[in-house]
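Per Swiss-Prot, the features are as follows:
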{"type": "REGION", "residues": "154-188", "note": "region 'Disordered'"}
{"type": "REPEAT", "residues": "197-230", "note": "repeat 'TPR 1'"}
{"type": "REPEAT", "residues": "281-314", "note": "repeat 'TPR 3'"}
{"type": "REPEAT", "residues": "365-398", "note": "repeat 'TPR 5'"}
{"type": "REPEAT", "residues": "447-480", "note": "repeat 'TPR 6'"}
{"type": "REGION", "residues": "492-541", "note": "region 'Disordered'"}
{"type": "COMPBIAS", "residues": "532-541", "note": "compositional bias 'Low complexity'"}
Amino acid sequence: MATMVLPREEKLSQDEIVLGTKAVIQGLETLRGEHRALLAPLASHEAGEAEPGSQERCLLLRRSLEAIELGLGEAQVILALSSHLGAVESEKQKLRAQVRRLVQENQWLREELAGTQQKLQRSEQAVAQLEEEKQHLLFMSQIRKLDEMLPQEEKGDVPKDSLDDLFPNEDEQSPAPSPGGGDVAAQHGGYEIPARLRTLHNLVIQYASQGRYEVAVPLCKQALEDLEKTSGHDHPDVATMLNILALVYRDQNKYKDAAHLLNDALAIREKTLGKDHPAVAATLNNLAVLYGKRGKYKEAEPLCKRALEIREKVLGKFHPDVAKQLSNLALLCQNQGKAEEVEYYYRRALEIYATRLGPDDPNVAKTKNNLASCYLKQGKYQDAETLYKEILTRAHEKEFGSVNGENKPIWMHAEEREESKDKRRDRRPMEYGSWYKACKVDSPTVNTTLRTLGALYRPEGKLEAAHTLEDCASRSRKQGLDPASQTKVVELLKDGSGRGHRRGSRDVAGPQSESDLEESGPAAEWSGDGSGSLRRSGSFGKLRDALRRSSEMLVRKLQGGGPQEPNSRMKRASSLNFLNKSVEEPVQPGGRVFLTAAL
């Protein structure tokens, strides 16, 4: 059986196929012309007398011509298909080039997006920082508005540092030392502040209260140098002296120097007394207050929380000092916009004050006022109004007795005047009557409460009630000495417990006393008229004279009763000799006085 051998198939390119097809078309067209030429005579003979076999030839030619036409048509189709494939390939190349460009553009867009995201992140951080600064500026603006409410002569005489009110020193918040404070200190490490350091602290306060920092600072530095020579740097007395010097620096607005000293004191006390000692908590609180004055609320908050933990552990969760620390922590959170935490801390502080100190303690009204301010910022106006009314009612009961039909607090009179204003058709003002005596309640907290409650009445349309409260607040301001100043004068001149005073540019100039000197003994005693109050003058000149006389009395007491005017250029050694006489200790060889730590 024979086997067919097929020719080997070769792959032709598209161009070769096109060229071959064109050659075939030319051959078919030539062949078609020849067939037509042969077919024409045969067709004419077919119409006449046909020759034998002409019909068969004519039929074959026509069939061949049809096949040729079919071949030409297919060849044209192949050429058209080739042209279409070429166009498709060209379009494909264009699309590929476009894809490459899109890939490059996509990569560029990704890089642009990454850069934009980084810019957005930096912008969000900047916005958060600006928002925090905005909140701080808003709070400072509110403080300034409160300052503008003061009488003009007060603003001229006593420039007010709002941060001193925002972060009051611990000794200012508590009118008396915590009961059993010395026992607590003895139980936790056995360290008690020596009487000589307490006396030195009081003397430094007297000098600084007169703005005589050129005497107070060298006095502190000399005492610190002597303590380091006798006891070494890592001694609790050195830490106490560092605290005193830091508070003097803080009053001079030298915050960086004060922070450095407080951190050094903190390290010493943690090393010598332990991390859970009350003195460590006091130093932490002072450091937090310092950061708060500089606007570093985030850095201050963990320090304040740690001080709170120590005091809760040492004193218990219901001690007044714990409430004091809670109030400081609430102030820090308030400046960071943490409204819920502020409310929680103030509620705890209020519960402690009311339980341990009684409802008539000034700290109760002050904490209620702060809590009401927190409610205002949260939009809880009804809760804030309730607290303000409680403050006014309690102040009225404390001053004038229980509330009854005729003895009503000022806010009740204000609302009665609001209700009866439409009945007074002649529009004559009401007689002051019994509510006028409520203006005699001269407390700074009550005065602030009157103004704030009046501001709450105005959006409610209670203009008459608002005017009544504001009028009462103004009358309270005009009576004698300003309430805030009167309170500080009484604490300074009558308390005799070594409390700290405000900075030199305020009502009572000088550094705030160190928080950890809560167990300190009596300081300078005031032997004035015994009333504990001063009459108001056109300026604070009399107050400064009183402070100067108090300083002279302290120096005479330290000298043993001899009259001597403290000199602004007094040498450090002389000041230390006063201290030496006050505690009746012998002078060390060489005539130099050394402050020793008595445990």
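Note that Cβ sites are derived from N, Cα and C of the backbone, with glycine treated the same way.
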Inset, instruction - Could you give me the DSSP helix, strand and coil counts for the repeat 'TPR 1' (197-230)? - result: 31 helix, 0 strand, 3 coil
Legend entry - Overall pLDDT for the repeat 'TPR 5' (365-398), taken as the rounded mean: 89
Inset, instruction - Tell me the residue counts in helix, strand and coil for the repeat 'TPR 3' (281-314), as DSSP assigns them. - result: 31 helix, 0 strand, 3 coil
